[in-house]
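Participant: Sharing a structure, written as structure tokens. Questions coming.
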Amino acid sequence: MKGTFTLGRIAGVRVAVHWSVVVIFLLVTVTLAGGRLVRLYPDYPTAVYWVLGLLVAVVFVASILAHEVAHAIVARRNGIEVEDMTLWMLGGVARLRSETPSPGVELRVAGVGPLTSAVLGVLFAASAVWLDVLAAPGPLVEAVAWLAAINILLALFNSIPAAPLDGGRLLRAVVWKFTGDPVRSTVIAAAAGRGFGWLLVAYGFLSILVTGTFAGLWMALIGGFLIAAATAEGRQAQLRGVFAGIRTRDIMTPHPVTVPATTTVEQFLAGAPFGQYRHTAFPVVDAEESPVGLVTVARVDRVPVPQRGSTSLAAVMAPIDEVTTAFPDEPVTDVLSRLAGAGESRVLVLDRESHALVGIVSQTDISRAFTWLTATRDRR
Ligand SMILES: [Zn+2]
């Protein structure tokens, strides 16, 4: 997903945060501290509202994180490595290193997310009741009750059978189970996602027209996001159908041109765009020729001209753990699902044993292979 920054690592998995989480974090703090809590319990010092508002926002983001970690744990238990996790305003996305092997696994991996949110919701609701019985301060009870409501809302929203929501994956698992066709099940779940997205957009704009306020804009925005994500998933599914049975080594460009990490931006640009520098992305290697990152012309271009002589490629490259990597014998379909939503749209292909760089897969490689495969298949 674009527009993210790294929060940290949980069990070796990179956790990234989309900017929309920052917005929702501030929104939660401000609506609680500046509105709801003050309105309901006006007699407390101002600091109490803000501390509570901040705490609730932190626990809310932690709840979303728990939902994602649950997906990751179940995926791992079923032998699927998790590439990374990205939190966004309505939950999160855990990117898996490979396709789910069966409808059963898909069902478990997708289902545990909403289940976790529902359990958290019930736990917070019970705590709120318990605090109320103990005659705890009103704002505290209200804050815990709010966390209960939002977690149950997360569980319900994510269960809607529309891709890319968890419910969309549940729908996919069910269709897959009955038709035995993983590609067609994705196409159906994606169509449901687009349909639901348009419904939200229509509802959002209609409510703006009817009520004359802009509250419906949120709904329309979420709808727009769902349509885009569902369309991308549908396209992915078609790609997967075409690339079935093809290995990464078959479509990669072998022996890519590499650049040393110590090269300055100025030295790098001196060679471009001619000869071997006619590409737009280059694997960056250390002194032992091991890949340490990926640098693109766009990244280099962001360095202001006066600093180009003193800035090394190591400083501007995407570090290796943020770059999609693959082994030569991996199915292209696995790599494609990993690539969807990655920051840089290239895959570095590493030797399974030595982790030495053996190739690169760019969008050009993918679309070229796609054209070949569809053209040659149509002629049969
Ligand atoms: Zn989920």
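Every residue number used here counts from 1 along the chain in the order it is shown.
Quick reminder: no glycine exception, Cβ is built from N, Cα and C everywhere.
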Participant: According to TrEMBL, His67, His71 bind Zn(2+); which one of Asp166, Asp181, Asp250 is listed for that same site?
Facilitator: Asp166
Participant: Which one is it: of the recorded positions Glu68, Asp166, which Cβ has the fewest other Cβ atoms within 10 Å in this structure?
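Facilitator: Looking at the recorded positions Glu68, Asp166, the Cβ with the fewest others within 10 Å is that of Glu68.
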Participant: In sequence order, which same-chain residues at least six apart have a C-beta under 8 angstroms from His71 (Zn(2+) binding site)?
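Facilitator: His71 (Zn(2+) binding site) has long-range Cβ partners Val82, Met85, Gly92, Ala94, Val109, Ala110, Val112, Gly113, Asp166.
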Participant: Residues other than His67, His71, Asp166 within 8 Å, Cβ to Cβ centroid, of the Zn(2+) site?
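Facilitator: In sequence order, the nearby non-listed residues are Glu68, Ala70, Gly91, Gly92, Ala94, Ala110, Val112, Gly113, Pro114, Thr116, Ser117, Asn158.
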Participant: In terms of Cβ proximity under 8 Å, which residues at least six beyond the ends of the transmembrane segment (143-165) contact it?
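Facilitator: For the transmembrane segment (143-165), the sequence-distant neighbours (Cβ-Cβ under 8 Å, at least 6 residues beyond its ends) are 32, 36-37, 52, 55-56, 59-60, 63-64, 67, 90-91, 93, 113-115, 117-118, 120-125, 127-128, 131, 171-172, 186, 189-190, 192-193, 195-197, 226, 229-230, 233-234.
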Participant: List, by number or range, the same-chain residues at least 6 past the transmembrane segment (107-131) whose CB is under 8 A from its CB atoms?
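Facilitator: The answer is 63, 66-68, 70-71, 73-75, 78, 80, 91, 96, 100, 140-141, 144-145, 147-152, 154-156, 158-159, 166-167, 169-170, 172-174.
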